[in-house]
Structure formats: structure tokens, C-alpha cells
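S.K.: Input: one structure, supplied below.
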Amino acid sequence: MQAWLTVLGGSMILFCTFGTVQSFGVYQAYYSSNYLFGYVSSDISWIGSVQTFLLFAGGLPAGKLFDEGYFHHCIGAGSLIYLFSIFMLSLAKPHQYYQIFLAQGIGMGIGMGLLFLPAISVTSHYFRKRRAAAMGVVLSGKLLTHFHIHRADLLAGSSLGAVIYSIMLNNLFNGSAGFAWGVRAAGFIDLGLLVTANLVMKTRLPSRRERPNAKPVDMKAIMSDLGYWLCIIGATLTFWGLFVPFFYLQVFSESHGLSKTIGFYAIPIMNASSLFGRTIPNFLGDVIGPFNVMIPCTVISGGLIFLMFAATNLGGTIAFGILYGFFSGGFISLITPAAASFSRDLNEIGQVFKLIRIGITSFVIAFALLTGNPIAGAVVEVNGHYIWYKPLVFASVVVLAGAVCLIASRSILSKRKGTNRL
């Protein structure tokens, strides 16, 4: 039962944090046309990019605190900082960029960073088998529990959070409620979910402080692992361009003359498809290996970004949202078990499965997430007009370059382990 409750709590945390990150396209569109009208797309995208950067970069210190036994301190402090910041965002005034940047970019980002990796890591206390599925289930918002009969229950989490928030915020921001009460509505949902998560989540294994004979992690081996660093480079290049559609699809559709209603639902469609993309590929990853599923997802995602040029009507927008949400979701959730697969001994993963490699990976790719969308924003807008081929070519090329590095990384790992099931 406690395993069930812990993964439920993790899904709630991902609902609030990653769900908010993936609905930033709603904020991007609203800020561009209303609340921060006059600011260029690049300036606005820095808000969401800093938030996403801190979510991932926080994985390194939060992972260390988690391993030392401060799990509840992490998620408690992260919840308080996140909730304080989102309600401060609701008080931000129109055209006050610094207020929005501090509350949404810095404050909410720091809170997310303390919550994100511990929420994923703690699931490894309860799942020895199907680890890729267990991690992906929390990321996707699906709840997995075995109880020795391999039974799966599906609950809402990060992708469902992104769907709900993007629909809700679009309607509240552009309706009678307005920006302030739209943000507060999201804040009250987050309050209920984060309080519940703090109450139901528990660790199962002793912390490093309680294991005096614990074998130290061989950092030299990690830092000199060529295959692992090719994996990180591949993930970094991929994340550099992967979130461009999540930030800009709504603006893209509206700039091509599609109705606001279609624009409102473009991001929810993509996030709804991502829910399946973070579940089905993860179960396949447990069968044939995370790399064998992740690499095709990455290649297809890179190709789809280029094909976003064609998503200028209702059918094209829906088709792109469904396909891109699914395949990008597969990459996002599989990069975690793929990075962990380079571990040479169990001491590196969690407290049984120490997440040191995942923490390093999260920290490095955070810099790609920090700069990718602002670069796209800087090249998309020229004298108030959108020039879409520049950001789409940029994003497509870097994602495909990332796929090449991931293929090379898999080749090295295959030779090391003597198997193609990777």
C-alpha cells in the first residue's frame, strides 16, 4: 500500500511542477498579446526557460539531500517556496516584467527544483523491476504498482496536469476571471495536491548517514565514462530544441490565422498525447531497452519539428500535436533510465539505485533548457513579424544531432555489456 501511496504522491508533485512547465505556452501567448505586450518573444521565453532550468539543475543538490536522508525536508521546503511564489505571481502587475520573472522564473523554479528529482528518486525504493516503467509512470502521470501481480492503475500526473492547466488557464486568462484569479486557481489546486503528497510519501530504505559501510560512488569512473557523456551530450542537444513547440505552438497557430479556440487547445492536445507517450514507450523500454525505444522517438521528434511548417490549418495542428506529444514524451521519460543504465553497480542508483548519474544529467541538460527557447524567441521575431523557419530549423537540427550522439552512446554501451537489449 505504501508503494502505491508514494507513487501517487510523486504523480501529484509532477502534476504541479512538470505540468506547469509544459503549459508555459499558454503564458507565452498571453504575455505576448496582453500582460507583457511590447516585450519580444525572447524576453518572455526567458521566464519559462529559467523556471525549467532551475527544475532540472536543482536535481543535483536535491539528489544529494535526498541521499543523505532529507527527503521530507526537500519536498516540504520545495512545496512552501513553490506555493509562495505562485501566489506572488498572481499579484504581479501588467507590464512589470521583473515581478513576473522573479515569481514565476526564479521562485517557482527553485521550488520545482527541490521537488522534482526526489519525487522520482523515491519510487526506486519500491521498484526493483520495471524501473523504466516506474519512473516513466510518475513522469507521465500514470501510477504503476505491482503488488506481485503486475497490476497497473492509471492516475493523472504531469501530462494530465499540463492538459488541465493549459485548458483552465487559457479560459480563465481570457475570460471574466482574468490573470490574477487564473493563477490563484492553479495555486489552490497545487496547494491541495502538494499538501497531500507531503503527507502520503515515505522513504523505505536507510539514508547514507544510516549506512556507515556504504560503498562510495566512484566519481572518477563516472567522469571518464565516454558513453555516458555522449548520452549527456545527446540529451543536451535534444532538449535544446525539444521544448520549442511546447512554448510556441499556440503562438504559431494564432499567427497563421487560426482561431483562438484552436490555439487554446493546441497545447492541451499535445500534452494529452504526451501522456501516452510517457507510458507506452516506457513499458516497451523495459522489454527491449530504453535506448532502443528512445532513439527512434528522438529521430521522429526532430523530423516532426521541421514538419511543423505544415501545421497551418486545423487538421495539421491536431495531427502535429498528437504525433509530437507522443514521441517527444517518449524521449523525455526514457532519458532517465537510459542515463541510469550506464551505472556499473547498484550503489550508484537511488539509495539502492543511487541517482548520481541522473542528477548529473539533469544538471547539464538544464543549461540547454535555459537557452533553447530564448534562442528560438530571438530568431522568430523580426520587427514585430514572425519568421518561423528560423526557430523550427534550429530546433529540428539540434534534436537530430542529439539523436546521432545517442546512437553513438548506445553503441559504446552495447559493446560494454555485450547485448543489444539497451
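From the backbone N, Cα and C atoms, a Cβ is placed for every residue, glycine too.
Annotated transmembrane segment per TrEMBL: 39-58, 70-91, 97-120, 154-173, 179-201, 226-250, 262-281, 293-312, 318-340, 352-372, 392-413, in sequence order.
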S.K.: Counting only residues 6+ away from its ends, which parts of the chain sit with a Cβ under 8 Å from the transmembrane segment (97-120)?
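M.R.: Same-chain residues near the transmembrane segment (97-120) but 6 or more away: 9-10, 13-14, 16-18, 20-21, 27, 31, 35-36, 39, 43, 46-59, 61-63, 65-66, 71, 74-75, 77-86, 88-89, 91, 135, 138-139, 194, 197, 201, 336, 355, 358-359, 362.
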S.K.: Cβ under 8 Å to the transmembrane segment (262-281), counting only same-chain residues 6 or more beyond its ends: which ones?
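M.R.: For the transmembrane segment (262-281), the far contacts come to 22-23, 25-26, 29, 136-137, 139-142, 154, 158-160, 162-163, 166-167, 170-171, 174, 245-246, 249-251, 253-254, 293-294, 297, 314, 317-318, 320-330, 332-334.
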S.K.: Tally Cβ pairs under 8 Å between the transmembrane segment (39-58) and each listed stretch (179-201, 293-312, 352-372), then give the stretch with the top tally.
M.R.: 352-372
S.K.: Looking at the transmembrane segment (226-250) and the transmembrane segment (392-413), are there 3+ C-beta pairs under 8 A, with each pair at least 6 apart in sequence?
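M.R.: In this chain the transmembrane segment (226-250) contacts the transmembrane segment (392-413) - 3 or more Cβ pairs sit under 8 Å.
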S.K.: For the transmembrane segment (392-413) and the transmembrane segment (70-91), does the number of C-beta pairs under 8 Å, pairs 6 or more apart in sequence, reach 3 or more?
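M.R.: Answer no: the transmembrane segment (392-413) and the transmembrane segment (70-91) share fewer than 3 Cβ pairs below 8 Å.
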S.K.: Can you name the far-off residues of the same chain, 6+ from the ends of the transmembrane segment (293-312), with a Cβ under 8 Å from a Cβ of it?
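M.R.: Distant contacts of the transmembrane segment (293-312): 234, 238, 241-242, 244-245, 249, 252-253, 256, 258, 277, 281, 284-285, 319-321, 323-324, 327-328, 330-331, 334-335, 338, 388-389, 392-393, 395-397, 399-400, 402-403, 406-407, 410.
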